[in-house]
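Report on the following structure.
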């Protein structure tokens, strides 16, 4: 038992004496210290004192749409690391090919008396009407990261998509591009709507009528093939650059450009969004907007823990600015637009 208490003390960053005080229910322990010790007990697998056993579970669900888009594993890893450091046990939940959905996972998590849930990139509506009602009824703490739909009553963390698009457009405009396309997700997808807003703001500032630039907007599902297909209409419109709603869409756009016998960036420049793994190693290395994953994960975990500790947290979206990482997929436009 002494060795286990040493492990608890080390994990919680306290002395063995403090651990024993917590186990004995001593009031001479600060609340924050007490919580760290209790969570360390959960992680190491020791039973809490009986009087404390009914407190909120240390399990935290991490619900992501899939693991194929490399930005989702990046967020899952960052969130799990921060949860572990604070004594929580992350439970990764992702949709599977055999039909296990977000709603199914919520049922499973509720059955485990989950302590809180962080949704990453999901539509909260996908959690299911009954499941959403159950989360509210049980007052399960929830934080949404880059939520796909509107949730004004939730604590949210998101990238400033509008800012990222404006930043990319300034970069392309400075290179001489005048016909810039936007390839984003389906209508109703909130991050895509924010990107479209930034796109519109840029053209309005340049006093370009919407009737001119609206044909330069295309929507697609977030996949390589969808990006390759959707970019064809933008190429027919004569764009010389395309800003994409994700790195996956951008790689699809590069594929679609090459299918037309054109080159990136010689004929068409392409910009991604996320700066997910290996984007500096693709051909050509992708210019993309880097999401501040670490900072966003910090904010998400802080927001969740605040709710779990019973502190009042204001609903709303905390926006984080992305950084444009300029690589080799953008360059000056050709002498005349390549319409293929």
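The backbone N, Cα and C atoms fix where each Cβ goes, and this holds for glycine too.
Note that TrEMBL annotation is computational and uncurated.
Summarising the annotation, TrEMBL assigns domain 'HTH lacI-type' to 1-57.
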In the predicted model, what is the mean pLDDT computed over the domain 'HTH lacI-type' (1-57)?
77
Using DSSP, how many residues in the domain 'HTH lacI-type' (1-57) fall into helix, strand and coil?
36 helix, 0 strand, 21 coil
